[in-house]
Amino acid sequence: MGIALENVNFTYQEGTPLASAALSDVSLTIEDGSYTALIGHTGSGKSTILQLLNGLLVPSQGSVRVFDTLITSTSKNKDIRQIRKQVGLVFQFAENQIFEETVLKDVAFGPQNFGVSEEDAVKTAREKLALVGIDESLFDRSPFELSGGQMRRVAIAGILAMEPAILVLDEPTAGLDPLGRKELMTLFKKLHQSGMTIVLVTHLMDDVAEYANQVYVMEKGRLVKGGKPSDVFQDVVFMEEVQLGVPKITAFCKRLADRGVSFKRLPIKIEEFKESLNG
C-alpha cells in the first residue's frame, strides 16, 4: 500500500474564532503503482488532501500513512521531511515553485537540498529536463524568461529530480493550450507506466476516464464515492448532482440510452463506444 488516510479530520485555524473544517472523517487508500484521480468542486477538500499527502499539513485527527511513515497531529518534522522526499507535489501553478537564477540550478536545487552532491544533482537535473521536453539550449537561461508552459515543465522537472515514488498533481494543465495539455498528460502517463504512483486533481472528467484506474469523489469535506472510473461514471445522475458530470462520451450515450438505445454499460471512452457499436 502506498498511502492510507484513516478517519482524517482537518480544520484550518483550529482553536480560533476563524476555525474552518476542511475534511471530515475521510478514509481512503492509494495503492502503490496506481493512477488515482481526486475530483470535487472548489472547497470540497481536494487540495487539503494533497497537502496532507506531502506533509505540508498534518491531520487534526486521524492519521496519514505514506509507505512506512505514519503522520498524526503530533508527528515530528523529521518524519514529515522523509515524506516530502517520497511524495512530490506539483501545485496548480507550478511555475510559482521556481526561484533560482537558471533553469539548471532550479531543477538541481531539490536533490542538493536532500544531500545529493552538486555533480550528481546537476546530472539528474539534465536528465529530468530532457524528460519533460526542455531543450539543452535553455538550461542556462533564467526560468522567468521562458513561456508559461516551459516554466511549468521546469517546475515539474524540479519535482521529478528528487526521484519521488509518488507524484501528486494539482490541476497540472490549468491554463495550458490543448497541445501543451496533451503533452503533459502523455508525460504523466509514461511516468505511471514506468512504475510511478500518480495522484491527479482535475476538473476534466475525460482525463479521469482516459488515465486513472481509481477515482475518489469529494464533496464538502467528505468522501462521497470511490472506485474504478468505469464504475463511478455509471451513476450519471449522482455525478450531475454533485455538479461534476461525466465524460463527454458517457453523457452522449446516456442520452441515447434515455431514447431506447441499449448499452450493457455506459462507455467512458470513445474506444469503448466504438466497440459497443461493433458488438
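The backbone N, Cα and C atoms fix where each Cβ goes, and this holds for glycine too.
Feature annotation from Swiss-Prot assigns ATP binding site to Gly40, His41, Thr42, Gly43, Ser44, Gly45, Lys46, Ser47; the stated evidence is sequence analysis. Annotated domain 'ABC transporter' per Swiss-Prot: 3-245, in sequence order.
Shown here: features listed in Swiss-Prot, placed on the structure.
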residue : record           : Cβ contacts under 8 Å, 6 or more apart
Gly40   : ATP binding site : Lys46, Val217, Met218, Glu219, Val242, Leu244
His41   : ATP binding site : Glu219, Val242, Gln243, Leu244
Thr42   : ATP binding site : none
Gly43   : ATP binding site : Lys220
Ser44   : ATP binding site : Met218, Glu219, Lys220, Gly221
Gly45   : ATP binding site : Phe10, Ala22, Leu23, Val26, Met218, Lys220, Gly221, Arg222
Ser47   : ATP binding site : Asp170, Val201
Beyond the site residues Gly40, His41, Thr42, Gly43, Ser44, Gly45, Lys46, Ser47: chain residues whose C-beta lies within 8 Å of the centroid, for ATP: Met218, Glu219
Where His41 (ATP binding site) falls in three-state DSSP terms: coil
Other CB atoms within 10 A, centred on Lys46 (ATP binding site): 23
Average model confidence [pLDDT] within the domain 'ABC transporter' (3-245): 94
